[in-house]
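Undergrad: A single structure is presented below for examination.
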Amino acid sequence: MAILEIENLSKNYGSTQALKGLSLTVEAGSVYGLLGPNGSGKTTTLGIALGVLQPSGGTARWFGGQISSASKRRVGALLETPNFFPYLSARQNLQIAADVKGADPVTITEALEITGLAARQHDAFRGYSLGMKQRLALASTLLGRPEVLVLDEPTNGLDPQGIAEVRSLVLRLAAEGKTIILASHLLDEIEKVCTHVAVLQRGELRAAGPVSDILAVADRIVLRLAPNAAPAALLEALGGFSWVTDVRPEPAGGVSAVLGPGRQPAELNQALFLQGLVLNSLEVRHRSLETQFLELTK
Amino acid sequence: MLVRAELRKLLPYRTVWIVLVLFAGLLAFFVSVGGNVTINGQTVGNSLYAFPGLWTKLTYVASYFHLLLGILLIILITDEFQFRTFRQQLIDGLSPAGLIQGKLIVSGLLTLFGMLVLLLVGLYFGLTHTTDSSTSATEGLFDALLRYGVQALGYLSLAALFGFLIRKSGPAILLFLLYSWVIEPLLRLPIADHIDRYFPTKVFSSLTPNPTQAILETMTGPTSALSATQAVPLTLAYAALFWLLSYLLLRHRDL
C-alpha cells in the first residue's frame, strides 16, 4: 500500500522554481530517504505534503486520499525546526501537541522517556540547548504512536552521541513496522538507515529506488600496460568484453573500467593475458559514496 | 479540546496576566479618580457613581480599554507565527479553520474577562458610593454589559485581522492603533455623515455613546451616529467578516 503519493508537484517562490514536477511514492514499511543538498527542495516537498505550503501545481495524497485532519493524526512530523512555545515546559508543550493530535496523554511520558528528556521535562523550552530542542521535536512526533514518521533533518544540532541515538531510534521504529520518511543532506545518514532513497537536485528528482540500487558503490579498475605496448590494443580488447563497461582513458596512458556484477579483477587479468596483453599494473580504485552522490547530482 | 489547548497556552503566560491586571487596574483607577474631578468648584463625587447612570458612563470609559485587550490578542496571534506553532498545529492535525476557532475562543474569553471586570468595578463603586437606595444596582446593567461585550468582540475581531495579516507583533499593534485612532477618522472626514456612521470603529463606538451626548446635542444638533440597537447586529456582522478574512488569509498563504 502506498503511504504517500506525490504527483507532479511544483512550487514557485516568486520567480524561483523550488520544485519542478516532482513525483514519488512511499510504500508502507519503508524507510524512505529524501537526499539532496541544501536548497534542493526536500523541505518544500515535505511542507506541501504536510499541508503547510500551498503547491503551485500537482498533488500529495496520504493513504490513498486527500490530506485531512484524520490523515494528519496518523503521521508524526518534524519539519525544519522544533516549533514550541518558549515560555512553556517540555511537558506543557507536548500536552498542547497531544490535545491537537487527539493523542493518548500516556504517550507524553513515553515520548519524553524515549528521547531522554524525562529529567528535564519541567524546564522551560527557551532554556533548552539546540540538541534538546531537537529531541523534544522528535518526542512530539511520537505522540499517539503514529504509523508514519516524517523527519526533516532529525539529527540537526545533535552531538555525535545524539546522532547515533536518533539513528538507532529510527531503526528501532522501522523494525516495529512504522513507515519513516527522512530528509537529509547527509549521505551517510541515508545510507545507514534508509531502505529507499530519492535524490533531489534543484527541485528535480535525479534518481529514486532501493538504496542498494541507487547508492551502489561500483569500484573502478585502473589498468596500465607495459611501456612498450600500444595503448589502443588495450582499449580495443576491453571493448570486446561484454562484462566490462564505462571504459575511460586515465592519465599517463592508463585505462579505467567498471566490471560487471560478480566479476573479479583476476578474470580481467587472465582474459587480457590470453589476448597477449601483459599488464604492468592493475589497481582497484574504491569509489566513495560521496563520489557517487556528486555524480548523481552533477 | 481546542479550549483546553488554548488555556494551556494562556494560563502559564506571564504577558497575559500583566495585560489583564493592567486592564482591570487602569479601569478601576480611572473610575476612582473620576469622582474627584472638580467642575465649577464642585466635586463630581457621588453623583458619578449613582445607578443606573453609572453603567452608561462606565461602558463609555471602559470602551477605551478595548485597545489593551486587542493588543493582547495581537500578541497571542503573532506569537504563534513567530514561534511557528501555527505551522506545527497544522502539521499535527488542525485545519486553518481550527486555528481560527482557537483564537476566536480566546477573543471570547477576553470579552468575558472584560465584562466581568466591568461588572465588578461597577458594583464596587456603585454600591460603596450610593446614597440613594431607591434605584436598583441592576437597572440597565444587562443592557450595558451586552453592548460592552459585543463591542469587545468587534474590536478584538479587528485586532485579530491585523495580527493574521501582518504576523509581526510590533507593526500589527501599531497599525491596529493607527487604524482606530488616525486612519479611519481620516477616511471618514470627506465622507457624508449618513455613510460614515457605517465605518467599523464608528459602529463599534456607537454601542457605548458618550454619556454627555444629550448635553452636547443641545449645542451641536442631533448626532447622526447609529443607535446602540442598530449597532449590535452591524458590529456582529463586522466581527464575522473580519474573522472570515483572517481565515481566508490563513487558508491561502504558506505557513
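Cβ atoms here come from the backbone N, Cα and C positions, even for glycine.
The transmembrane segment annotation in TrEMBL covers B:16-39, B:59-78, B:104-125, B:145-166, B:173-191, B:231-250.
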Undergrad: Tell me whether the transmembrane segment (B:59-78) sits in contact with the transmembrane segment (B:231-250), defined here as at least 3 Cβ pairs under 8 Å among residues 6 or more apart in sequence.
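TA: In this chain the transmembrane segment (B:59-78) does not contact the transmembrane segment (B:231-250) - fewer than 3 Cβ pairs sit under 8 Å.
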Undergrad: In the same chain, which residue numbers or ranges, 6 or more beyond the ends of the transmembrane segment (B:145-166), come under 8 angstroms Cβ to Cβ?
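TA: Beyond its ends, the transmembrane segment (B:145-166) has Cβ neighbours at 55, 59, 62-63, 66-67, 69-71, 73-74, 76-78, 103-104, 107-108, 110-112, 114-115, 118-119, 172-173, 175-176, 179-180, 200-201, 203-205, 207-208, 228, 231-232, 235-236, 238-240, 242-243, 245-246, 249-250.
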Undergrad: Do any residues, 6 or more residues outside the transmembrane segment (B:173-191), come within under 8 Å Cβ-to-Cβ of it, and if so which ones?
TA: 67, 70-71, 74-75, 155, 158-159, 162, 166, 199-202
